[in-house]
Amino acid sequence: MATIEEIAHQIIEQQMGEIVTEQQTGQKIQIVTALDHNTQGKQFILTNHDGSTPSKVILARQDSTPGKVFLTTPDAAGVNQLFFTTPDLSAQHLQLLTDNSSPDQGPNKVFDLCVVCGDKASGRHYGAVTCEGCKGFFKRSIRKNLVYSCRGSKDCIINKHHRNRCQYCRLQRCIAFGMKQDSVQCERKPIEVSREKSSNCAASTEKIYIRKDLRSPLTATPTFVTDSESTRSTGLLDSGMFVNIHPSGVKTESTVLMTSDKAESCQGDLSTLASVVTSLANLGKTKDLSQNSNEMSMIESLSNDDTSLCEFQEMHTNGDVSRAFDTLAKALNPGESTACQSSVAGMEGSVHLITGDSSINYTEKEGPLLSDSHVAFRLTMPSPMPEYLNVHYIGESASRLLFLSMHWALSIPSFQALGQENSISLVKAYWNELFTLGLAQCWQVMNVATILATFVNCLHNSLQQDKMSTERRKLLMEHIFKLQEFCNSMVKLCIDGYEYAYLKAIVLFSPDHPGLENMEQIEKFQEKAYVEFQDYITKTYPDDTYRLSRLLLRLPALRLMNATITEELFFKGLIGNIRIDSVIPHILKMEPGQYSKTSSL
C-alpha cells in the first residue's frame, strides 16, 4: 500500500503541469505544486489551466483502511468537495472530510460516491456503487434496449451536473465501472394486460432522439444511434423511432377538418369504424376457434410477440388476417366509438352495398358523383400524444389514415354500386395511391415531414450496423424521397378538400387494373368525376387557367410509389408481415347494419 507521501509524489511528478478535469463541475484545472510538507496531510494548490489565481487547496490524508485516502478542502465543510483520481485513488473509495477532522477522530461526513457521476451513492446497484439517478438511467436503457450516440468524441464529462448531456457516454461509463446488463430484469407487467405486446425487453421500444422544431418541418437535427448488440431485424423500423413532437411554444393540433362543419355530421368518425372492425375480427377469431382452438391460440400468441413475426407471416390462415385486422383496429382506440353514433346512423340510410349480381347503371341516376358530405376528411390522431414519436405512434396514425380512406370510399354510392368484388379489387389496386394522397392532405396534422426524417435516420443507422444492403437502402431512400417530393408539391399547390376528394375519386375509379369487371362502368364513373372536378375548378378558380392540368399531372407520380415499401415503413411495426391486401376485404365486406350494432359498444 502506497503511503500518502508516495501518492503525493506521484501526483506532483506525474501530473505536474498537466491539465486535469474536476469531476464535480467539469472545470479544467492544473496542479502547480505542493506546500508545507510538515502538515499532517499533504496540501496541494490547484489553479485554472490558464494561469489564473489559485482557487482551491486540497488536503490528502491516508486512512487506516487500506485503499482509502481522504480528500478535503480546508475552507469548506465537506459538502462541495473537489476530488480527482490517480491510479491509486478509485472514485468508489473516496470519502470526504471537513478541515477540522483528523485521521484519529474520523470524518464528520462519510459516504460513498457514485462511480459514474460522483453524486452521493445510495448503494450497490447492478454490481456497482451508484446514485439513484444512474441506477434508473441504466435500468431504463437496458430494459428498453435503448441506444444512444455521442455528438462529441465519446469522452464527454460525466458528473453530477453534466451527466444528462450525453447519454451515450453515461451508459458507456456505467458499463465500464462494472454495472452488469444481465442483472437488469425484464419489466413485470400486470396480468390483465398480458395479451398485449410481448414482455421482451427489446421489443420495438428502442429510441432515436431527434431534436425537432415543427415550425421548420424539413430541418431535423437527428442524433444518430448505433446498436451493435441488436441482432433481431424485422424491418426498417425494428429499432424504433422517437422524435420529440412537443417543442415548447409550438401549438400542436390533433385533428384536422378539411371542410365546413356542416359536412362533419355526414362523415362517421374513425373510432366508430374501429369498433366495427374490432367486432368483425373477434367474430372471425371465434369462428376459427370453433374449428381449431389450439391453432388460434398459437396465432394469438405469435401475433403478440415481435420475435415471431416471421412465423406469423408464414401461417397464411384466415385467423392470421383476422388477428392483423384486430391489431389495426385496436390502434384506432375503439373505446371512443360512442362519439359518432349519429354520424353512422346518418350514413346508413344513404349507403347500400350492392352484390356482384346486381346490375344498376348508376350513371343514369341524377345527382353528382360526390356531394359535400364526401369532401369531409377528418383525421383524429392517437391520444394522448407521446412526448417522443415512436414506431407504434407512426403505425397507429397510418392505420387511422388507412381506415379513414376506406371509410371515405365506402361512403360513395357509385363505389358501392360496383358490387363487392369490384370494390375490393379497386381498393386492393389503389389503396397505396389513396393513402399517399391522404398523407399529403394530412401533412401538418400527421407531422409527415418529421416521420419521413425519422425514416431517413433509421436508414443511416441500419447501414452503419450492416443490417441492410446498400441496394436495399437505396431502394427505401428513393421511396422516401418520392413521398417527400410528392407531398411537398401538393402542399405548395394549396389544394382544398374538394380538390383532394375529386383527385381520390379519379384514382379510385381507374379502369386500367387487370381483372376488373364492369370496366366500362368504372370508366364512366371516372369520367364523371373528371367533369365535376373541371366544373369545380372553373367556378372556384376562374383566373387560374392551368390549375386543373397542374393537379392532374401530379397523379402519375402516385404510380411510382411501391405499395410493399409503404407497408414496411408505416405498418410493419404494428401488424408485422401481414399484407394490407389481406386486410382490405375485411373492411369492405362490412354490412351497413354492423355500423349501428357496434356503435354502441
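Just so you know, glycine gets a Cβ as well, placed from its N, Cα and C.
Keep in mind that what you see is a predicted model, and the values were worked out from it rather than measured.
Annotated range for zinc finger in Swiss-Prot, selecting from 150-169, 190-209, 330-349: 150-169.
According to Swiss-Prot, the feature region 'Required for interaction with NRIP1' maps to residues 585-601, out of the candidate ranges 228-244, 585-601. Counting every protein chain shown, the Cβ of SER582 (phosphoserine) has 17 other Cβ atoms within 10 Å. Across the zinc finger (114-134), DSSP classifies residues as 3 helix, 7 strand, 11 coil.
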